[in-house]
Amino acid sequence: MKILLDLLLLLPLLIVCCLESFVKLFIPKRRKSVAGEIVLITGAGHGIGRLTAYEFAKLKSKLVLWDINKHGLEETAAKCKGLGAKVYTFVVDCSNREDIYSSAKKVKAEIGDVSILVNNAGVVYTSDLFATQDAQIEKTFEVNILAHFWTTKAFLPAMMKNNHGHVVTVASAAGHISVPFLLAYCSSKFSAVGFHKALTDELAALQITGVKTTCLCPNFVNTGFIKNPSTSLGPALEPEEVVNRLMNGILTEQKMIFSPSSIAFLTILERILPERFLAVLKRKINIKFDAVIGYKMKAQ
């Protein structure tokens, strides 16, 4: 009975918050400056990580770029330097906790306190449960979520001490809506979304108001990791479009970014619609991509 009374008492606040959100739709939010900020981006040698580095370089941030691919990392760094940015590169295996911690120690000693951390590195294996090797499942979790814990543990304390910073989680629409034949990937991205939400709540509980969090959840992105993706929602997104949304979200301190925006609507539908209807809807959306299927149906 008490909870019902509490909910009724909160009703005026709900109305005020809804009106406030509606008004904000028509008022462009001021973008913060990131000039001079030390920005560390994992997975910076390709795709979203590379393009995000370019955007921060244009905004005069100091860049710390991590990737396991030395050649890709050097290409990204060269372009960023051409844009006038100060750039530091580290070849780091984000599936290796000790490599992350030792590299983080070097960054703090040689460059300074990271104030914007972009956890972007990721791997994906397009296969069903039986065709996905145990080592691939382990690596998916090591890179796609455990690395977020290790990097954040390494760099968040300085942000909290200064009450200034930003932790960015690059997740996926597959962290909200499951997809067949991406079992390990979906599981890791659901974890990444949960990491972002729990970290956000933890910072609020500790009254650390100056450290912001942002989570990016795009649909299929045309980066070459998933072969021949298609859905009835439209073609795979170009990475430039996704990074534009990401940068706008970081600079305006948005908590959750969906790309395209319709993904947000689908996440709501999944929570309120009957399961039978959802099954039909998912068939209509018709997500397809090249995948290895290990399960063999028995002959009838």
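Note: Cβ is positioned from N, Cα and C throughout, glycine not excepted.
Some features that Swiss-Prot has for this protein:
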ACT_SITE  Y185  active site, proton acceptor
BINDING   40-67, K189  NADP(+) binding site
BINDING   S172  substrate binding site
SIGNAL    1-18  signal peptide
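Recorded features from Swiss-Prot, shown on the structure.
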residue: L40; record: NADP(+) binding site; DSSP (3 states): strand
residue: I48; record: NADP(+) binding site; DSSP (3 states): helix
residue: F56; record: NADP(+) binding site; DSSP (3 states): helix
residue: V64; record: NADP(+) binding site; DSSP (3 states): strand
residue: S172; record: substrate binding site; DSSP (3 states): coil
residue: Y185; record: active site, proton acceptor; DSSP (3 states): helix
Problem set entry | Winner by Cβ contact number (other Cβ atoms within 10 Å) across the recorded positions F56, Y185 | Y185
Problem set entry | Nonlocal neighbours by CB distance (under 8 Å) for K189 (NADP(+) binding site), same chain, sequence gap 6 or more | N144, A171, S172, A174, G175
Exercise. What Cα-Cα separation, expressed in whole Å, is found between V64 (NADP(+) binding site) and the residue listed as 'active site, proton acceptor'?
Worked result: 26
Problem set entry | Cβ-Cβ neighbours of A44 (NADP(+) binding site) (radius 10 Å) | 33
Exercise. Taking just the CA atoms, what is the gap between T52 (NADP(+) binding site) and the residue listed as 'active site, proton acceptor' in Å?
Worked result: 22
Exercise. So how many other Cβ atoms are close to K60 (NADP(+) binding site), meaning within 10 Å of its Cβ?
Worked result: 15
Exercise. What number of additional C-beta atoms lies within 10 angstroms of the C-beta atom of S172 (substrate binding site)?
Worked result: 27
For this session: Identify, in sequence order, the residues in the chain of L40 (NADP(+) binding site) that are 6 or more apart from it along the sequence and have a CB within less than 8 Å of its CB; answer 'none' if there are none.
Result: V64, L65, W66, V107, V114, I116, L117, V118, T151, F155
